[in-house]
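For reference, the structure discussed in these notes is given below.
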Amino acid sequence: MCGIVGYIGYQDVKEILLRGLEKLEYRGYDSAGIAVLNESGVHVFKEKGRIADLRRIVDPNVNATVGIGHTRWATHGAPSRVNAHPHQSASGRFTLVHNGVIENYEMVKRDYLADVAFQSDTDTEVIVQLVEKFVRDGLTTEEAFRKTLSLLKGSYAIAMIDAQDENTIYAAKNKSPLLVGLGDGFNVVASDAMAMLQVTNQFVELMDGELVIVTSENVTIQTLNGETVKRKPFTAELDASDIEKGTYPHYMLKEIDEQPFVIRRIIQKYQDDNGELAIDKAIINEVLNADRLYIVACGTSYHAGLVGKQLIESWAKIPVEVHIASEFSYNMPLLSEKPLFIFISQSGETADSRAVLVQTNKLGYKAITITNVPGSTLSREADYTLLLHAGPEIAVASTKAYTAQIAVLAILAAAAAKAKGFELDFDLTKELAIVANVMEMLCDAKEEMEKIASDYLTLTRNCFFIGRAVDYYVCLEGALKLKEISYIQAEGFAGGELKHGTIALIEDGTPVIALATQEHVNLSIRGNVKEVVARGANPCVISMRGLEGDGDRFIIPAVHPDLTPLVSVVPLQLIAYYAALHRGCDVDKPRNLAKSVTVE
């Protein structure tokens with residue numbers, strides 16, 4: 001949930017670190033800091049708040065060519081300057097940044113560091129104080145670093161500098177992402193390649209239980225046992241322009257607008273030599289061999305999984321269960337005889353999902369990861385990967401990854417159906433192309449969406465979304481988008497469930513957004529709208545062309561009924577965006593949230 005960077009080379013390091021941290025703010029932005037090392041010692045700058053707040057306190061007169069940085073999402077200790085990283089050892093010799101959670105930090109603190117006066121409330125400070133203790137006991141820095149790592153339980157990505165050695169960064173990884181970037185006369189470490197695209201596109205992945213000794217000329221990867229590891233670098237297939245806002249005021253709006261292009265790219269990427277949509281035969285064989293599919297995901301990805309379940313069961317006639325990853329880990333259901341797991345994660349680093357994958361791997365079950373990030377932890381540890389090809393998603397609130405996940409699940413469902421002899425009565429390629437065109441039209445309806453947000457949501461404290469069948473799943477996502485960026489208490493409900501309790505919350509003026517895109521439940525959902533209107537609600541009905549009724553606020557051009565979630569979500573994304581904007585909220589970086597949730 002935090003982001004770390006490090007640089008060692010020949011350039012002044014401050015701006016490289018700050019720009020790198022700006023690219024990692026999606027991982028957390030409670031506080032931030034950098035530490036740079038030169039002949040006069042270590043200079044630490046840290047501040048509560050955003051990278052912009054940190055920039056204001058960095059001394060421009062301090063020059064150095066080695067340094068580390070961190071942007072934080074608090075897990076241990078409140079957001080504050082004291083708890084911000086980097087943390088230093090008691091003497092100030094060692095300075096360290098850390099992403100992850102040290103589960104046994106209290107035990108380590110008690111058993112090894114009882115005589116140390118700690119400066120913060122974080123688990124991270126235990127690491128740097130322990131390194132110094134072992135150096136005082138006579139170990140070299142590398143030996144002390146290695147011994148410290150051997151005592152830690154939990155997740156970590158660490159970068160550390162030694163005030164007595166301007167030529168080295170020490171780094172390590174376990175269950176939290178960390179890459180080493182390679183350059184000519186310099187090397188870097190980072191949680192994400194995006195952070196260091198400014199200086200290199202060549203990276204080496206670290207695996208769990210590995211540490212790395214980084215100098216300006218060499219990178220030495222080792223196991224905790226001291227064995228040297230050789231690993232080929234990869235080229236990050238990102239352009240720096242992909243992670244810039246360009247002319248957009250916010251990343252979220254840019255990413256909403258990118259959705260039509262993402263759908264078209266997915267069509268292109270998943271076409272075989274005959275121009276037909278297809279999935280790798282090995283994956284389809286696994287799907288056919290399974291007696292039940294288990295989709296495991298969190299948040300927006302979980303909502304995409306619910307739509308995927310509908311498509312797979314309807315088209316391929318394969319039973320599917322969808323589970324919240326954080327619950328599955330601690331309450332595994334009774335599994336079928338031949339389960340196949342599908343993990344959905346935009347980042348491929350979601351800790352809750354990875355915890356389930358570790359369990360299922362131990363049990364010997366096959367797994368597929370659907371992710372936007374090739375080479376991510378979930379991608380590496382699953383048997384198969386289906387890529388989203390959505391491009392970098394920077395805004396914390398997911399938009400284009402959600403629709404990409406549904407599109408890929410649709411292609412998987414269609415391929416499995418075809419392999420089982422269930423031919424679809426429509427051309428999925430053509431229908432997805434229509435979806436992309438309709439998405440484009442919806443993205444052009446920003447003024448109408450802004451007006452809806454203004455009319456219904458500017459002053460409200462709560463909002464309800466209602467739908468039936470697959471519309472209900474989209475309502476869950478619409479409510480999540482609204483609550484996470486506008487801070488309006490929003491909930492999505494199945495229309496028929498209102499009368500079983502929720503309708504008690506309806507009062508004069510309560511906004512209720514209803515989706516009506518499914519013909520077989522159209523009359524039912526409109527009956528539910530009448531129920532809330534009778535209790536004083538202020539209804540906003542968004543319907544599909546051909547199913548519209550009198551008074552509907554917005555009508556979506558028609559697409560195939562099974563693919564409506566791909567388009568009906570776009571108005572909800574835009575409504576949430578403008579509601580947040582009107583309320584003065586930080587659209588891209590909502591409070592208390594982080595994009596890549598790498599702690600359980």
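Backbone N, Cα and C atoms are what each Cβ position is placed from, and that goes for glycine too.
Note that this is a predicted model, so its numbers are computed, not measured.
Feature list (source: Swiss-Prot):
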type	residues	note
DOMAIN	2-217	domain 'Glutamine amidotransferase type-2'
ACT_SITE	C2	active site, nucleophile
DOMAIN	283-422	domain 'SIS 1'
DOMAIN	452-590	domain 'SIS 2'
ACT_SITE	K595	active site, for Fru-6P isomerization activity
Take every residue in the domain 'Glutamine amidotransferase type-2' (2-217), average their pLDDT values, and give the whole-number result. 91
CB neighbours within 10 A of the residue listed as 'active site, nucleophile', counting all protein chains shown, number 29
Please list the DSSP helix, strand and coil residue counts for the domain 'SIS 2' (452-590). 71 helix, 28 strand, 40 coil
